[in-house]
Amino acid sequence: MATGAATENQWLKGRVKAVTSGDCLVITALTHNRAGPPPEKTITLSSLMAPKMARRGGIDEPFAWESREFLRKLCIGKEVAFKVDYKVEAIAGREFGSVYLGNENLAKLVVQNGWAKVRRPGQQNQDKVSPYIAELEQLEEQAQQEGFGRWSKVPGAAEASIRNLPPSAVGDSGNFDAMGLLAASKGKPMEGIVEQVRDGSTIRVYLLPEFQFVQVFVAGLQAPSMGRRQSTQEAVVDPDVTATSNGDASAETRGPLTTAQRLAASAASSVEVSSDPFAMEAKYFTELRVLNRDVRIVLEGVDKFNNLIGSVYYSDGDTVKDLGLELVENGLAKYVEWSANMLDEEAKKKLKATELQCKKNRVKMWANYVPPASNSKAIHDQNFTGKVVEVVSGDCLVVADDSIPFGSPMAERRVCLSSIRSPKMGNPRREEKPAPYAREAKEFLRQKLIGMEVIVQMEYSRKISPGDGVTTSGAGDRVMDFGSVFLPSPTKGDTAVAAAATPGANIAELIISRGLGTVVRHRDFEERSNHYDALLAAEARAIAGKKNIHSAKDSPALHIADLTVASAKKAKDFLPSLQRINQISAVVEYVLSGHRFKLYIPKESCSIAFAFSGVRCPGRGEPYSEEAIALMRRKIMQRDVEIVVENVDRTGTFLGSMWEKNSKTNAGTYLLEAGLAKMQTGFGADRIPEAHILEMAERSAKNQKLKIWENYVEGEEVVNGSSKVETRQKETLKVVVTEVLGGGRFYVQTVGDQKVASIQNQLAALSLKDAPIIGSFNPKKGDIVLAQFSLDNSWNRAMIVNGPRGAVQSPEEEFEVFYIDYGNQEIVPYSAIRPVDPSVSSAPGLAQLCRLAYIKVPGKEEDFGRDAGEYLHTVTLESGKEFRAVVEERDTSGGKVKGQGTGTELVVTLIAVDDEISVNAAMLQEGIARMEKRRRWEPKDKQAALDALEKFQDEARKSRTGIWEYGDIQSDDEDNVPVRKPGRG
C-alpha cells in the first residue's frame, strides 16, 4: 500500500481492519516489504455523513449504531479497492475516498440503504466532493422515498434506534461492578464486539445486548508491552469528525468523546516512549482477528485492580478459535501462571504445552530464548519388569531386573519415582530424624510392593549434588534414575506373562492420592513423568480431602530403640523380655549378611541384630557370600517374619529361628537348599526348632552338589566344597593375552578358535560408508555396534557402555565402548560408530576375563599396583607369547557382560608355553603380589596349590623385595574379623 505521500486518484488494494463509524474505515495493505505490521490508512467515504454515536455523557443520534453495524458487517476483514478523492488539511489532513467491495461502491450501498446522508460541498470546498456525487444524491432521494434506514417513516423508529447505554459506555466507569458482572456471567459465553485493541492480550469490548464497555485481559498469557506513554499538549483529533463536517472545516464544534472513542484516539493523544520486541506485531495479530468483530467472551476472574480476566473466542470461517492460544502458538505472548490458574486444567495444560513448544522451536519472541541449564536428561527405551526387593523411602524403590541373572551386582536397580517427592526418611548416622509422614509413606509402599512383580518405565535421570539436600554416600555428584512404576493390570483371561506386560496402578499416583507425597513443580525444560497430569489431579484430590501431609494433624510419634548400635550389655538385658514371647512378629529392615539381619519389632518398638542359630554362610570375601546376601534380599528383605529368640552372643546379636510370615517357611532353608550355607550343630541340634527340616535342606544341596558343596564327596569331611586334593582333570586353555587390567585381571583370546578367524573375516568383508545421519542411529547402553579403535583406526565389534541420554544431537557426542573381542575400553565420538548387521553382532564376544588364582595383586591405585600392572603387561601382552591357562574356578558373580571388568571371570593359573613357573608364582617371587589367606573351608587341592606357591612368597619376603621391603605387611580388611557396624535403617 502507498504511504501518506501517495498521490490522489491512485487505486490501491487493502483489507478492512476496522470500521469506526457508518462512513469511516481503517484499511491495511495486503503486502509489504518492511518488518512489523503493514501500513494502514483511515478512509472516510467521500461526501457522506453518518449519524453520530454517543459521546461522554451523551446519547446516540438516531440510527447511529445501525449505520455503523451495516458497514461493519458488510466489509470487516474483506479485501477492497480504494482511492483517495481529496484531503482536508484543516482536520489534520484527513483523507476522504471511494471504496469498492468487489464491484460494489460502499458509499452507494450505505446511501442506498439509508444509513448516511449526502453532504453537499460548501462554498469554500467545491473541489472536496465525491466523483459519484450525482449518483449518491439520486440514491439518497430513493432511500428517502422508500423510508430506508434513517429515513424510516415508522412512528417511533428513530427513538427506538437510540441505545440505552450504561454509564461505562459513555465514559463513566467509576461505578462499574466487575465482581457483580463476574458473579452473574462466570463461565458463560457472552456476545461482544471488540472496539479497541490496547495490546496483543488486552481488548476493550462492548458486551451485548446491554452495551457494557469493558476492558478484558486474555486469561493465562501476556503479550509484549506497547510501552509507557506520555500525554502531549496537542489537541485530541476527533476520529469521527467526518461524521459531521465531511471536509467542511467550518462545521459546528462536536461534543466530548465517549470512552470508546477517546480510547480509540489515544494513539493521537500520546507519544510512544518504548515498546517490547514484537509488541506491535502482537497487537496487529489481535486486531486482524478480533477488532470490530463479533466475539464470545468467557469471564474467568477478576484481578486485584478490578480488571476482568477472560477467554476470547472468534470465528474463522466455520471454526471457532481461542485468541489466547493463537497468540501463544505464534510466539506473540507468554504463559502467565497467575491468570492461567483461573482456567480449567485442560486449557491451562494446553496453553503451557503450546508455549513450551514455541520455546523449543524459537518462534518470534522466543527467537533468542536459551533454556535454563537442566540437570535432568531423558531416558529412552529402558523399560523392564522385575520384583521389588527394597523400599528405600516413599519415593524410591530397589527393583531386581528379571532380565539380569540372579546374583549379578547389576541385577538390583534403584528407581526413584518420577516427579514426586515424599517426606525424607532422615539419616540416623547423622542424627537426622524422619520427616512427618515419612515412615507412613515407606510403610505404605512396603506393604503394597515388597516381593511383588512390577513394570518399570524409566523416564529421566538427574544429577544430584550434595547441596540439593539429597543424602548421598559420597561427596561428589550422583546420578539418579527416575521412572514410573506400575503394578501389573489384573486383566481377566490373560496369561501371567501378558498380565505382567500390561501396566495397571501407577505407584506414584497412589502415594500422591493418599497424601503421602507432593508433585514436583518442574521448570519448563525439565524432564518429568509421562503421567504428570494424572499426578497433579491426584494431588488436587488429596489436598481437597486434607489427607495426611495436607491435613492439620501431626504424624503419629514413634520412638524406636535401636539395639544394633547399643552396647552388648543392653542387648543381653533385653533378652529375657524377648524369650518370654513364643513367636515375635518382626520386619526385616536390612540384610547384613547371608545369615545376619536387622529386624524391627513393632510390639517392642525396637530394632535388633538377629542371626540364625546353627546356620552359617561363607564369611565376607569368601566364595558365595555375596550370592547368599542377594538371595536373602530377594526372599525376606522388608518382609513380615516371625522369630523365636534363643540367646544373644557376645556382640549383642540375638540368635534364633525365623519364619517368613505368609508362607510359614523357615528362612534358614532358603540358604541351605541353595547350597549357600551349612549347619553348625556343635551345641546340639535338639536346641534348634525344625532342625530336621534344615538338615533335609542341607542334604538336598549336598546331593545336588550346589555351590559350597560342588566338590562334596559322601562320607568325607567337607571344608567349603572339597575333602581331598582332586584328581579330576582341570580345564586348560591355550590363550594369548589381549588386555591387562589392574589387580591381576586381564583378558585373553583362545588360540586356534575358529570363531576368531570367522569374526575377523566378516569384519574385513564389511563396506563401511560415511557416518550415519544424525538421528537415524541412536545406540543405547548395551547395544552391539562397530567402533573404530583410536590407535590403529581398525573397526571392531563393541558394546555401548555409556552414552548421552536421549537422541544424538551432534557427531561429536561421545560414547564409551567396550571392545568385546579384545577386552579394551575407550571413549569414541559418534562419527566413529556404525550400526552392525545381526549376523556379525550375534556371536558372543571373543575376549574372556581372567584373574590370577590364589594370589592377591595390588590394584592400580594401591602401593606397588602400578609396578604389578606393568610387570603383568610386560610378561604377557608385550611378550606376544602364548600361554596355558589352567582354570581353577569360575566366578559368575559378575553377571552379564556390561563393560570392561564384568561378566564371568575365569580364575586361572597362567603358564607361558616356554616357562617353568607360572606367572602367578613369578609375581609372588618379584614381591608384587601376595598369597590369598588360607581359610578353613578351602578345598584340599587349593591348599596344596597354596603350599606350592608359598615358597615363592617366602623368597620375596626374606629378600625384602617389593611389598616386603619393610618387613611383613598387615593383612587387608578382608583378612581380619570384621568389626560390627551399626545396621542401616
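Don't overthink the numbers, they just go from 1 along the chain as shown.
Cβ atoms here come from the backbone N, Cα and C positions, even for glycine.
Residues annotated as N-acetylalanine in Swiss-Prot, with a large-scale study or a structure entry given as evidence: Ala2.
Annotated domain 'TNase-like 1' per Swiss-Prot: 10-153, in sequence order.
In this model, the domain 'TNase-like 3' (382-552) carries an average pLDDT of 84. Taken from Swiss-Prot, the feature domain 'TNase-like 3' applies to 382-552, supported by sequence analysis.
Among the features that Swiss-Prot reports, domain 'TNase-like 4' is placed at 582-711, with the record citing sequence analysis.
Residues annotated as domain 'Tudor' in Swiss-Prot, with sequence analysis given as evidence: 778-843.
For Thr961 (phosphothreonine), the same-chain residues that are 6 or more apart in sequence and have a Cβ closer than 8 Å to its Cβ are Gln925, Glu926, Gly927. Summarising the annotation, Swiss-Prot assigns phosphothreonine to Thr961.
Within the same chain, the residues at least 6 positions away from Tyr966 (phosphotyrosine) whose Cβ sits under 8 Å from its Cβ are Arg960, listed in sequence order. What Swiss-Prot records for Tyr966 is phosphotyrosine.
The annotation phosphoserine is assigned in Swiss-Prot to Ser971 on the grounds of a large-scale study or a structure entry.
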Checklist entry - Looking only at the domain 'TNase-like 1' (10-153), what are its DSSP counts of helix, strand and coil residues? => result 42 helix, 46 strand, 56 coil
